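Peer 1: Next up is a structure, given as structure tokens.
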Amino acid sequence: MGNQCQNGTLGSDYHNRFPREHAVGYVQGDSYLDLKKFDDTWPEVNNFKPTAASILRRGLDPTSINVLGRKTADLREHYIIGRKLGQGQFGTTYLCTEINTGCEYACKTIPKRKLITKEDVEDVRREIQIMHHLSGHKNVVAIKDVYEDGQAVHIVMELCAGGELFDRIQEKGHYSERKAAELIRIIVSIVAMCHSLGVMHRDLKPENFLLLDKDDDLSIKAIDFGLSVFFKPGQVFTELVGSPYYVAPEVLHKRYGPESDVWSAGVILYVLLSGVPPFWAETQQGIFDAVLKGHIDFQSDPWPKISDSAKDLIRKMLSHCPSERLKAHEVLRHPWICENGVATDQALDPSVISRLKQFSAMNKLKKLALRVIAERLSEEEIAGLREMFKAVDTKNRGVITFGELREGLRRFGAEFKDTEIGDIMEAAHNDNNVTIHYEEFIAATLPLNKIEREEHLLAAFTYFDKDGSGYITVDKLQRACGEHNMEDSLLEEIISEVDQNNDGQIDYAEFVAMMQGSNVGLGWQTMESSLNVALRDAPQVH
């Protein structure tokens, strides 16, 4: 499911941009299908999918498919669709302008007539779920809205006007080692973040990284999660996906895991330093043979002038044995990256874990509000957190025990003391530390960008302020605690923690200040007087 912004095609289309003597232009189109052609045992039904026309001849209407499983607003009521930015195998990307703000975005439109199989529909759903799951990371293209009508699914996302990283490589031939180290640190940081959140990209290549600003090589955004999947630690995948130059050998052997993303990143690093891929041939079959053979050329120019440390990192990222290959967080600690001044000691993107820690310091009102917000989110927005819960809930009971949480954190690369895990258990389960239920886990791990959305904040406030007075009182909070089976002790203290003007109740501005303030500690900052408005002055929920 290719994506596109300015200055080139992104995603599934490949335009043979490497120098001719070093490259082969494999068949334009979806690289996912190209890889299937390599596999002689691939089921015939998948190689020869029925066309939309053949479906229509059988009396079926592909436009009747409900991809999102819910009704959405009309895209054109909120956005003006502009010029075409590019064309992919499954969708077309357009420039669009939000009517209310005048802000420009990219809108990827996927016609339903191209969603021929159940797997095609699931691929689109999963792509949207993963984009929501990863939203908020500064180096991942932000998803803004998703719409569906009778003809298509429309994904509105951040507009990246700087073009492709691939184009920058082509323009410069190869980067200095310092620049390459800076770029690969960002790319591998994205990979490490994805893996820590239980996502495997499966199609890493320069074309799938965009620049927000054409003058800033470091303004990188990862795009195109059409082949990405959720995974659990130790899970083995067998589906042949990816792009020939960047595919790992274990993918061709149909037995792989997230280590394959590190291989692809290693190929990107080789390209960043030399301008050509390490494995190439005059045919697609030849490329695969070269990948399986695994010989890396460090003799041709410019490699004699490149440091041994850089070559050491490439060798360790392109180790043929996945278990011996560096993990993403280990790449970030390699001496070559450290020597270039952009190293990090971060072994795991802490987004989910830090939210769990913050949750342990949160008052009951904020916890309740997060539960309300979590219940309002669509399935695709919480799908990633659901998969993480399932990975920890090994017995499929819908609850997590102390031991399961400790083991799950360890498998995701996080080390906590038993006392810290106990604090998390106690906080997330409100009043005891025996188990964490699914709903409590979702509320505790909501990303900040979900919490701070105006419509979610207003809906949560309205949940407490059922009579519409514009204030949350002790009585209202007591009723809410009862509805969620939470202990209602210390409610007056909870009110006083949030009540900034000491009138014994919480207005909308104070509620927003609590939700948007620091989650650690309860000393909320006083809001500016311009924000000190009651609910009656806040935007209305539609």
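Positions of Cβ are set from backbone N, Cα and C atoms, glycine also.
As annotated in Swiss-Prot:
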- GLY2: N-myristoyl glycine (LIPID)
- 79-337: domain 'Protein kinase' (DOMAIN)
- 380-415: domain 'EF-hand 1' (DOMAIN)
- 416-451: domain 'EF-hand 2' (DOMAIN)
- ASP431, ASN433, THR435, GLU440: Ca(2+) 2 binding site (BINDING)
- 452-487: domain 'EF-hand 3' (DOMAIN)
- ASP465, ASP467, SER469, TYR471, LYS476: Ca(2+) 3 binding site (BINDING)
- 488-521: domain 'EF-hand 4' (DOMAIN)
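In terms of burial and nearby residues, how do these features look in this structure?
Peer 2: Looking at the domain 'Protein kinase' (79-337) alone, the prediction's average pLDDT is 88.
Every protein chain shown contributes to the tally, and the Cβ of GLU440 (Ca(2+) 2 binding site) ends up with 24 other Cβ atoms within 10 Å.
All protein chains considered, the CB of LYS476 (Ca(2+) 3 binding site) has 20 other CB atoms within 10 Å.
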Peer 1: What does DSSP assign LYS476 (Ca(2+) 3 binding site), in three states?
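Peer 2: DSSP assigns LYS476 (Ca(2+) 3 binding site) to helix.
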Peer 1: DSSP on the domain 'EF-hand 3' (452-487): how many residues come out helix, how many strand, how many coil?
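Peer 2: For that range the per-state counts are 21 helix, 2 strand, 13 coil.
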Peer 1: Which one, from the binding-site residues ASP465, ASP467, has the smallest tally of other C-beta atoms lying within 10 Å of its C-beta?
Peer 2: ASP467
Peer 1: Specify the nearest of the binding-site residues ASP465, ASP467, SER469, TYR471, LYS476 to THR435 (Ca(2+) 2 binding site), where nearness means the distance between Cα atoms.
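Peer 2: Closest candidate to THR435 (Ca(2+) 2 binding site), judged by Cα separation, is LYS476.
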Peer 1: Report, in whole Å, the straight Cα-to-Cα distance of GLU440 (Ca(2+) 2 binding site) from ASP467 (Ca(2+) 3 binding site).
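Peer 2: Given the Cα positions, ASP467 (Ca(2+) 3 binding site) is 27 Å from GLU440 (Ca(2+) 2 binding site).
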Peer 1: How long is the line from the C-alpha of ASP465 (Ca(2+) 3 binding site) to the C-alpha of GLU440 (Ca(2+) 2 binding site), rounded to the nearest angstrom?
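Peer 2: Cα-Cα, rounded: 22 Å.
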Peer 1: Please give me the CB contact count at 10 A for TYR471 (Ca(2+) 3 binding site), counting all chains in the structure.
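Peer 2: Cβ-Cβ neighbours of TYR471 (Ca(2+) 3 binding site) within 10 Å number 21.
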Peer 1: For the domain 'EF-hand 1' (380-415), what are the DSSP-based totals of helix, strand and coil residues?
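Peer 2: In the domain 'EF-hand 1' (380-415), the DSSP-based counts are 23 helix, 3 strand, 10 coil.
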